[in-house]
Amino acid sequence: DCGKSFAYRATLTAHQRTHTGEKPFTCADCGKSFTYRSALANHQHTHTGEKPFTCADCGKSFTYRSAFTNHQRTHIGEKPFTCADCGMSFAYRATLSSHQCAHTSENPFTCADCGKIFSSKYTLTSHQRTHSSEKPFACADCGRSFRHRSALTIHQRRHTGEKPFTCADCGHSFRHRSALTTHQHRH
C-alpha cells in the first residue's frame with residue numbers, strides 16, 4: 001500500500017494495478033495486455049491506422065496524444081525539461097537525457113571511422129552518415145534523398161506548401177525557422 005487516496009473506487013482499483021501488475025485489458029488483434037482501458041484504446045489505433053490527434057497549426061496527425069503533445073512544442077517553442085546542472089531547457093525528455101551526458105562525461109558511443117565520441121546512439125548514427133554516401137530518407141514526391149530525417153521534413157514543405165513558422169507581429173509565415181528569425185530582426 002502506497003498511502004495514496006482517491007475520491008472514487010474505480011480510480012483506486014485502476015491505481016492498484018500499478019502495484020499488482022495486473023493487465024486486464026487485452027487487444028483482440030495482437031494479444032498485448034494493458035493496465036488501463038484507455039491505454040488499450042490508444043493501442044488499437046496502431047491496428048486501424050487511425051490518427052485522431054491532428055495539429056491545428058500544420059495539419060499533421062498522430063496516433064497517440066503524447067506524440068501530438070510533443071509535436072505541438074515545435075510550434076509554441078515550449079521547453080519543459082530543464083537541466084539541473086546548467087539550466088538549459090529542452091522540448092523533449094530524451095534530448096535532456098542526452099544533454100546530461102555532457103555533464104557526467106558519459107559518452108559511450110564512438111565512431112569507428114574517426115574516433116569522435118557521442119552521448120547517444122542516435123547522434124552517432126547521424127554522424128556516421130557524413131563518412132558514407134548513405135541517404136536513407138527519400139522524398140515520396142520526387143525521390144530526392146537525404147542523410148537526416150529533419151532535412152527531408154524541411155524539403156517536403158516545398159511540395160506541401162507548409163509554412164509552420166509564423167511571425168507573431170505581422171502573421172507572415174515561413175518554411176524555415178531561420179527565415180522567421182531573420183524576418184523578426186526587421187521588426
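Using N, Cα and C of the backbone, Cβ positions are placed for all residues, glycine too.
Automated prediction, rather than curation, is the source of TrEMBL annotations.
Feature annotations, reproduced from TrEMBL:
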DOMAIN    1-24  domain 'C2H2-type'
DOMAIN    25-52  domain 'C2H2-type'
DOMAIN    53-80  domain 'C2H2-type'
DOMAIN    81-108  domain 'C2H2-type'
DOMAIN    109-136  domain 'C2H2-type'
DOMAIN    137-164  domain 'C2H2-type'
DOMAIN    165-187  domain 'C2H2-type'
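Shown for the domain 'C2H2-type' (53-80): DSSP residue counts in helix, strand and coil, namely 12 helix, 4 strand, 12 coil. Taking DSSP states H, G and I as helix and E and B as strand, the domain 'C2H2-type' (165-187) has 8 helix, 4 strand, 11 coil. Counting residue by residue with DSSP, the domain 'C2H2-type' (1-24) contains 12 helix, 0 strand, 12 coil. Tertiary proximity for the domain 'C2H2-type' (165-187) is limited to same-chain residues at least six positions away from its ends with a CB under 8 Å from its CB atoms, namely 154, 157-158.
Taken as a whole, the domain 'C2H2-type' (81-108) shows an average pLDDT of 80 in this prediction.
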